[in-house]
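Structure, as structure tokens:
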Amino acid sequence: MLYHLIRPLLFRLDAERAHDVVTAMFRATSRMPLLPRLISALYAWDDPALMVEWAGLRFASPLGVAAGFDKRADLVDALALLGFSHVEVGTVTPRPQPGNPGPRLFRLPEDMALINRLGFNSHGMVAVAKALRARRSRRVIVGVNIGKNRDTPLERAVEDYAATFVALAPLADYVAVNISSPNTPGLRRLHERAALEELLRELMRLNHGLLYPRPIALKISPDETLDQIEEVVRAGCEAGVAAFIATNTTLAREGLRSRLANETGGLSGRPLAPRARQVIRAIYRLTRGTPPVIGVGGVLTADDAYAHIRAGARLVQLYTGMVYAGPAIAREIKRGLAQLLRRDGFVSVTQATGVDAEWEGAIRQRG
């Protein structure tokens with residue numbers, strides 16, 4: 001309720017400036033005496049039916065924060081207080097870089113969407129490593145999303161991913177490999193089989209050298225064809241990827257009403273949801289949930305999260321939803337999700353995962 005009073009004021013600011021204001025508030029309140037306990041009492045809500053396991057990690061619920069919201073890894077404690085089960089920080093590059101010039105983040109309220117062309121603005125792996133060591137909360141699972149520096153030639157991209165992996169994997173619960181941002185020139189060429197195999201082979205080699213190897217997830221683009229996505233999934237499975245994150249932002253613009261619809265960058269939010277679910281279903285049908293899918297794109301309500309789960313996602317993440325619904329979004333989605341599961345006779349998220357993909361597959365086979 002309070003956020004809906006504040007939101008009109010925030011929406012008068014440039015979108016990136018508003019994000020900075022909100023995250024500064026999050027950062028401050030999580031460090032004040034007594035306030036964290038009060039915030040947790042207001043926003044934390046869990047239900048045993050929502051518990052999910054993946055790669056030896058236990059998630060209190062399937063709902064997490066997607067990469068992009070906390071690029072510096074200094075909001076983990078605050079986001080844990082709001083009731084998210086996991087936070088994916090980043091994208092993190094080896095060296096600090098400013099990203100693209102502003103303005104570079106745009107709200108599309110008519111479409112419940114955002115367009116960003118941030119361009120991997122990053123404080124670099126050294127600063128993020130320091131922030132991860134300083135975090136207080138250990139009850140939230142932390143993933144690190146890694147990418148390459150803009151000025152690194154594509155033929156040397158593996159070196160960037162490897163350096164960031166070595167620096168940050170020991171400090172994280174899992175690592176997400178971002179090959180799909182539309183805002184770094186040439187990055188999506190890493191979806192090509194030979195380049196992807198080289199990248200994953202090196203990361204797996206480094207991972208096997210860790211005392212405790214980390215699950216590695218691969219974040220993919222929604223703008224590839226289903227045949228191309230199948231090729232990426234097969235390469236990932238052969239390499240030993242532990243999950244696929246579907247999807248990143250899209251370059252598509254169909255059906256948008258906002259006057260800002262033609263801004264350059266990746267589109268997120270409600271318009272992405274149908275395509276994200278299509279990709280989630282496609283991956284689930286290929287893998288049968290092993291490795292699982294982490295669903296991202298257009299999650300603003302419990303119904304959205306539930307649709308992703310039924311399409312095949314074991315975990316779901318959001319970012320744009322926080323902009324429009326505010327800090328109570330995790331609590332509201334989890335409450336609604338528990339009700340939806342019980343309404344349909346499911347005792348757990350796992351039981352509901354992929355039921356729509358399986359049903360549609362069965363229909364096609366009979367047809």
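Backbone N, Cα and C atoms are what each Cβ position is placed from, and that goes for glycine too.
Since we're looking at a predicted model, the values are computed, not measured.
Cross-referencing LYS71, LYS130 against the substrate binding annotation in Swiss-Prot, which names ASN116, ARG117, LEU118, GLY119, PHE120, ASN178, ASN183, ASN248, THR249, picks out LYS71. GLY269 is the residue from GLY269, GLY345, GLY354 that Swiss-Prot records in the FMN site together with ALA67, GLY68, PHE69, ASP70, LYS71, THR91, ASN145, ASN178, LYS219, THR247, GLY298, TYR319, THR320. When the record's FMN-binding residues ALA67, GLY68, PHE69, ASP70, LYS71, THR91, ASN145, ASN178, LYS219, THR247, GLY269, GLY298, TYR319, THR320 are compared pairwise by CA position, the greatest distance found is 20 Å. In this structure, GLY269 (FMN binding site) is part of a beta strand by DSSP. In the three-state DSSP reading, LYS219 (FMN binding site) counts as strand.
Largest Cα-to-Cα span within the substrate-binding set LYS71, ASN116, ARG117, LEU118, GLY119, PHE120, ASN178, ASN183, ASN248, THR249: 16 Å.
Same-chain residues at least 6 positions away in sequence with a Cβ under 8 Å from that of ASN178 (substrate binding site) are, in sequence order, ALA67, GLY90, THR91, ASN145, ILE146, GLY147, LEU187, LYS219, ASN248. A coil conformation is recorded for GLY119 (substrate binding site) in the three-state DSSP classification, outside any helix or strand.
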